[in-house]
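Taken verbatim from TrEMBL:
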{"type": "TRANSMEM", "residues": "6-28", "note": "transmembrane segment"}
{"type": "TRANSMEM", "residues": "35-55", "note": "transmembrane segment"}
{"type": "TRANSMEM", "residues": "67-87", "note": "transmembrane segment"}
{"type": "TRANSMEM", "residues": "94-112", "note": "transmembrane segment"}
{"type": "TRANSMEM", "residues": "118-139", "note": "transmembrane segment"}
{"type": "TRANSMEM", "residues": "151-175", "note": "transmembrane segment"}
{"type": "TRANSMEM", "residues": "187-210", "note": "transmembrane segment"}
{"type": "DOMAIN", "residues": "247-380", "note": "domain 'GGDEF'"}
Amino acid sequence: MSLDTPTIFFTAAAMCFPVSGLLFLSWWQNRAERTLLWWSGGLFAASVGLTLLVLDGDISEILSIDIANALLVLGISLGWAGARAFNGSRISPFVIFVGPVVWLMLCAVPAIHDSLPARVAVFSAMYAGYTGALAHEYWRGRADGLASRTALAATFLLISGIFLLRSLAAVFVPPKAADAYLQPDPFTALFVMLPIVLCIANAVLVIAATKDRAEAEQRRLAETDQLTQTRNRGATLAAASERLAKGPGAMLLFDLDRFKQINDRFGHPAGDRVLVAFAAVAEANLREGDVFGRIGGEEFLAFLPGAGRIDAMAVGERIRAEFANTTIDNDGAHMQATVSIGIAVSGAAAEDFDPLLIEADRALYLAKENGRDRVQFFVPRAA
C-alpha cells in the first residue's frame, strides 16, 4: 500500500482538529495561559487548510491552493504568537499576518501560481522562517529550566530545517512531472508527513510545558515567604542542609534589633517594610549560589558554600553596615534599623545540619549580648 500525499493531508487534518479542541479545552480551564488559545487557533487553521488541500480538484483552486496554504502559514504564525505569549513577550499582529498576506499576493503572480515547484519553494521557505522563529522563541526562554521547552525548540528547529531543504530542493531539483508531489512516493511522503507529525506532537508538548510551568510556580509559591519574596523557613533550611552535605561553608544567622519596638512604635506595616528592606540589602550582597531566606519573624539565614571565616566576616559586615545606613520610608516618615549577625563555619561537608545552626545561634546570642548591631563568630569553649 502506497502512502500518497492527499492521504497524509487527510490524516493530518483529522489529527489537527481534535488536538486543537484539546488545546482550547486546556485554555478554557486555565485562562491565564493564552499560549494554549493561540495554539488552538493555529491548529484549527491548519486543519481547515489541510482539508482544502485534500479537496484539490473538486473545488476552486483559489480555495485548494491560495486559501489552503495561506491558512497553513497562518496556523504556524499563530503558533509563533503562542510561543511569544508563553514567554510573556509582545505579540505583533504584523508578524502574524505578513506571511499569509504575502502568500496570497504571490499567488496572484502567474509564474508562481501556475508552477507547483515554485509554490512549494515559496511556501516551504515561509514555513521554515516561522518554525525557525518558533525554535528561537522557545530556546531564548530556557532559563526557566523546563525540559519541554528545550524539546519544543529542538523539534521546531528540525522542522525548520526540513522545510528549508524542501524549498531548496524545489528550486534546484524540480520534479519533471507537474503533479509529482502528489504521487505515491516514500521520500515525498516522508518529507510531507514528518513535519506535520512533529507539529502535532509539539502541540502536545505545549500542553506539557504549561503544566510543567504551573507545577514549578506552585512549588515556588510553597517555598516562598510572601512578604520578602525570599525562601521561607522550610525551603531555606532544606537548601542550606543540601549545600552543607556537598561541602564546607559558612552560616550567617540574622536577627533584626529591637524589632518588637519598631512594631509597637510605628505599627506592623512599618515592621513589614523593615523586613523587606533588610531582605533586599542581604540579597544584594550575596552571591548567586548562596542560600538565603526568612526563617522566623525577624530572623533570616544565609549559607555561603565554600566560604571561610574571612569571607563570611566580610559578607556579614557588609550587610550589617549597609543595612544600618539604609533609610526606610514609612508613609513619608523615615526609619532606620540595625541587625545582629551570628556566624558559624564548617570546615567540611556534614550530613547533620543542626550543629552548625546551633553554633550560629549561639554566636547571634553573643552579638545581642555584646551590644547588637554587630557581627559575632562562634567560638568553641575551651575544654
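Quick reminder: no glycine exception, Cβ is built from N, Cα and C everywhere.
Quantities reported herein were computed from a predicted structural model and do not represent experimental measurements.
Remark: secondary structure over the domain 'GGDEF' (247-380) totals 57 helix, 36 strand, 41 coil, with classes taken from DSSP.
Each residue in the domain 'GGDEF' (247-380) has a pLDDT score, and their mean in this model is 93. Beyond the ends of the transmembrane segment (35-55), by six or more residues, the same chain brings 6, 9-10, 12-13, 16-17, 19-21, 23-24, 26-27, 63-64, 67-72, 74-79, 81-83, 85-86, 196, 199-200, 203, 206-207, 210 to within a C-beta distance below 8 angstroms of the stretch.
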